[in-house]
Every structure is written in structure tokens, then in C-alpha cells.
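Please read the structure below before turning to the comments.
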Ligand SMILES: [Zn+2]
């Protein structure tokens, strides 16, 4: 179905933009930084290792900044971004959304700044490492003989930050002027839930002022030839079920025990887990984002071998795709608890209810711009993001967002040991973004904007 849609969409774009794009492509190949100073410098005077592409050197420099939890060096990231803004000749605005938590925004004004803008979002923080499991220092950005760059953040998502910056640098160097304004946004704390970052910032007046029409944010690597784009996310529900029961001596058959109820609850949730796992494994077109995952993650209860406890609790991590009716699903949980026995109750530690997905309809102007990539021999696969990103906050305020980290032929290693990205894949991603940003910023004014 995807292929049918593409042929029509592509034809339209082929006629309208491919000629100019072709010229752009040629220009890139001949002179990547035409229009810039003769000595293209990255790293504030630091020179690139011999033969290395300056974009790769810049990427490795950024990877060495220790923006790692629990105590990220955000100041180092902000200093780096200040320098980038200066090199790009773009204004940079910083908004402290929470104490010590700053969102930075570089803005490239379009030729028609009254139109809705394009947001290029990336987070600056990375998750901790277990250094003993790494082949190299996780913050050295070591590059092996195959060009694989090892570092925390190489996939999630410092690659995308530098790709955005370099794509803008190239577009500017080529003298391109884009119609819509483009904002590059750099947010803190995504890896700890975004509460002091994007979640707070989307409610800030400065966010509204950006007048965003469409957002790009992080995606995931794809081990095959294709690139994955994410148009929605599953909703996380963290739930604890309380199973109270009659206490008593461990030598008797006490009626109405907590453990009997606990067993019933566990069976209901885990039977459902089996069904969903089966659904995923037997359908060719399903990915993890299309089914509900259930994992029992905590059990509490009991004080001694010979004492039947008065309560036992069990906790589950559920991730629910946007296609599920959440009210009905909660009724199901209520039913499981009721069947488990008297006074079994549940409570949520986290319960996300936002089911906004970004349109991938063939007549959606933003989606057409994305699918233009497909004409350029890139295969795109649409998926629901299996976990959570800052995109959920953007979609929740009604802005369409697509998660896209252009990494094909790459194992999914985010948050894993020995996270790496190959330099050729990284460099190709810059060209991909160059085309995509230019296509998005050229999306004609919709009737509401005119
Ligand atoms: Zn991320």
C-alpha cells in the first residue's frame, strides 16, 4: 500500500522539485562547504584527524561532552551550541524552564516568517553507562577501522543533533533560502521523562511563540536497508494491584488469602501477555509498537515463612498502542481484579492517555514532504514508537511530529552497551536531512495559514 501511494506522490514531487534537488545534489558532491571560509573549522580551532570529514570530527567532539545522567554537564552542551549558532550565523535563545534546565533554540528565519515553522528537536542528555561492558571508553568517541564510532549518544541522539546542524550549515552555504522558518531546539532531561524539559516547555509562552506547524524528533536505527519513521507512540501505564487477604498461621488452610488473589491477578495479566506476544509473532506486518506489552516488574508482600500475609502487591509495566480503546482496556483490568477476589484494587503510578498520532494520509502535506525522500531511493517504514520520547508532549499540544533518526544498516543499540554508529551512515544522514528540511520548509501554505 505504501508503494502505491508513493508512485503518485513521487510523480508530483518529481516534476516540481527534483530538478532543483538534482542541482543541489551536484553542488554537495563538488563542494560540501562552498560559500564558507576557505579553512572550514570545527571544534573552535581543533583540527580534524587526517582524512576525516569535518562533520564526523564535530560529531565525535560533541559525543565527548559528558551530558550523562544522573549529573549531566549541560553547561558544556550549551557552550557547544553557542559556538554552533555563531558558526551558522543564527540567533540562539535560551529559556530556563526549570532551575538548571535550559532549552536552547536556534532560529533560521524563512522568507515567509508568518507561516507555521518547522521544528527540529533533539535532546542533549544521554543515559548512564556500565563502562565495564564497553570495548572502549564510552565518552572517547573511539572510531575503529571500519569507521564505527563508539560512544553513549552515538545513536540516541547526538547523531541527529549534529546532522541537523550540518544540514543547515550546508543549506546556508549553498545560499538557499527556505520559505518557512526552521527552529533547532535542544532540550534537557528527555532521558528522565522530560518533566523538567519538553513536558514543561510545551506549556511555556515561548513555545507558543515559535508557531510550529510540524516537528521532527528522534527515531530508532533500522538493521536493514530501510529507514524507520515513527508517527505515534504507545502509552505507558504503570499499575500496582493490591491483593488484601486474611492473615493467619502458616500451618492452616486459611480462606481468602492474599496469595490466591495474587495468583489470579498474575494469571490474568500474564495470559494476556502471551496472547499479545503470539499476535506479534504470528503477524508479518506487526512490530512491537502495534501490540500491548505486559511485564510483571515488582512483587511485594510477606514477613515470615510461617505468617500468611494480610496483603500482597504486584506491579506491571504496560505499553499500549494508540489503536487500543483505553477505556475498554481499563474495564478489562477492573474485571480481572474483580475476578481475583474480594477487595482487590489497583492504582496507577503512570497512566498516559494521549492517543494523538501524526497523519500519514497520502494527502497530508507534511507527509508528502517526508515521502519525497522515498523518491530518492530511500525506503521508509512507518511504525509506532515502542517506548516513549518527547514527541508525545509535542503531539499532545496538537502539533504533528515524526520520529526519524536516519540510521539504516545499523543495529538498535540505544541505551545498550557499545552503542555505535558508522561514520558513513552518519554522513548519509546529513544529506537526508538536507533534503527533508528543505522539502518541509517548502510545504505550501495551507488554507488556514493563507
Ligand atoms: Zn533519545
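Residue numbering: from 1, along the chain as shown.
The backbone N, Cα and C atoms fix where each Cβ goes, glycine too.
TrEMBL annotations: computationally assigned, not manually curated.
As annotated by TrEMBL, signal peptide applies to 1-20.
Counting every protein chain shown, the number of other Cβ atoms lying within 10 Å of the Cβ of residue 218 (Zn(2+) 1 binding site) is 23. Look at TrEMBL and you will find 123, 156, 218 tagged as Zn(2+) 1 binding site.
Listed in sequence order, the residues of the same chain lying 6 or more apart from residue 125 (active site) and placing their CB within less than 8 Å of its CB are 67, 68, 69, 72, 74, 188, 189, 190, 191, 192. In this structure, residue 125 (active site) belongs to neither helix nor strand by DSSP; it is coil. The active site feature in TrEMBL is assigned to 125.
If you draw a 10 Å sphere around the CB of residue 191 (Zn(2+) 2 binding site), it holds 22 other CB atoms from the protein chains shown. Marked as Zn(2+) 2 binding site by TrEMBL: 156, 191, 415.
Taken from TrEMBL, the feature active site, proton acceptor applies to 190.
Secondary structure of the domain 'Peptidase M20 dimerisation' (231-342) per DSSP (helix as H, G, I; strand as E, B; remaining residues coil): 43 helix, 36 strand, 33 coil. Look at TrEMBL and you will find 231-342 tagged as domain 'Peptidase M20 dimerisation'.
Calculated from their C-alpha atoms, the gap between residue 156 (Zn(2+) 1 binding site) and residue 415 (Zn(2+) 2 binding site) amounts to 8 Å. For the pair formed by residue 218 (Zn(2+) 1 binding site) and residue 415 (Zn(2+) 2 binding site), distance between Cα atoms is given as 14 Å, rounded to the nearest Å. Checking the recorded positions 125, 156, 218, 415 against ligand 1, the ones whose Cβ sits under 6 Å from it are 156, 218.
Fewest other C-beta atoms within 10 Å: among the binding-site residues 123, 415, that description fits 415. Per-residue pLDDT, averaged over the domain 'Peptidase M20 dimerisation' (231-342), rounds to 96. Cβ proximity to the Zn(2+) 1 site centre (mean Cβ of 123, 156, 218, cutoff 8 Å) flags the following additional same-chain residues: 122, 157, 160, 190, 191, 217, 389, 390, 405, 414.
Counting only the Cα atoms, the space from residue 123 (Zn(2+) 1 binding site) to residue 415 (Zn(2+) 2 binding site) is about 14 angstrom.
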